[in-house]
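Everything below concerns the one structure shown next.
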Amino acid sequence: MAFSFDKRLCPGSLRGFLVALAGLFVLLAVWQIVAIAISTLRDVPFPTPLQTGRRLLELLAGARLNGHDILTHVRASLGRWLAGLGIAATGGIAYGVLAARFPLFEAAAGQIPRLFLLVPGLAWIPVAILAFGIGPAATVFMIAATAFAPIAVGVLSGIRGVDPALVRAAGMLGAGRNALFFRVLLPAALPMVITGLRIGCGTGWRVLVAAEMVVGAGTGLGYSIIQARWTLDYLSSFACLVIICAIGFFVEGVLLGRLEAVTVRRWSLDRERP
């Protein structure tokens with residue numbers, strides 16, 4: 001007999017919470033089993049969920065990590081991420097709008113985002129170091145270069161995907177070129193724009209952590225992980241991994257996920273009509 005929730009006793013939001021909680025427990029159980037197995041087979045102190053949780057609480061309570069408290073590292077990483085994402089969003093949206101409005105521009109520069117999509121984030125390391133040296137600026141550049149492409153493609157695809165019938169109808173009602181673009185095309189393309197931003201946020205966050213490990217910054221979650229490894233402080237490394245997952249999930253999965261859902265309900269042309 002298949003297991004199912006009684007909808008009368010368990011509303012949808014509660015069901016979703018219970019399912020997510022069950023998934024978390026499964027993840028922790030697998031982590032515990034893997035930790036015990038590796039510690040037994042390889043005779044190395046692989047951190048368990050409980051040990052990692054204790055270290056995380058110590059860091060949140062003010063314990064120092066590489067000369068700073070954990071909130072300093074979190075703020076540093078978030079600042080670089082937001083800076084890189086802001087540059088990528090500005091460039092990506094501008095590119096998408098220009099390519100949609102001016103065919104000559106698209107013909108000349110149409111392959112740039114697609115080429116950027118083919119470049120792994122860490123492959124920008126030589127360019128970043130040569131252009132900006134070792135430090136935060138190189139990290140911001142790598143985030144911007146990686147997040148730019150999905151945002152640009154999302155904007156252009158969203159505008160190109162607007163139903164031509166909608167455009168013709170707006171024109172018949174007297175909409176001029178600018179009104180047509182800004183009051184019809186852009187709002188109709190908004191779901192794809194938000195999707196591109198969401199993908200850009202996720203790729204930018206992953207590149208941020210890796211870039212901080214490689215190009216160095218003095219602070220940051222990625223920097224803390226690599227420095228803790230050199231001192232064999234693997235508990236701190238695992239605690240930083242938990243923080244990275246939590247922040248990434250909250251921003252990309254919760255905040256932007258909800259924004260995407262609201263945008264699709266409000267603006268998507270494919271939504272059901274009464």
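Here the Cβ of each residue, glycine as well, is placed from N, Cα and C on the backbone.
In TrEMBL, annotation is done automatically, which means it is predicted and not curated.
According to TrEMBL:
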{"type": "TRANSMEM", "residues": "12-38", "note": "transmembrane segment"}
{"type": "DOMAIN", "residues": "74-255", "note": "domain 'ABC transmembrane type-1'"}
{"type": "TRANSMEM", "residues": "81-103", "note": "transmembrane segment"}
{"type": "TRANSMEM", "residues": "115-134", "note": "transmembrane segment"}
{"type": "TRANSMEM", "residues": "140-159", "note": "transmembrane segment"}
{"type": "TRANSMEM", "residues": "180-199", "note": "transmembrane segment"}
{"type": "TRANSMEM", "residues": "205-226", "note": "transmembrane segment"}
{"type": "TRANSMEM", "residues": "238-259", "note": "transmembrane segment"}
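Same-chain residues lying 6 or more positions outside the transmembrane segment (81-103) and placing a CB less than 8 Å from one of its CB atoms are 109-110, 112-113, 139-156, 158-160, 181, 185-186, 193, 196-197, 200-201, 204-205, 208. Between the transmembrane segment (115-134) and the transmembrane segment (180-199) there are fewer than 3 Cβ pairs closer than 8 Å, counting only residues 6 or more apart in sequence, so the two stretches are not in contact.
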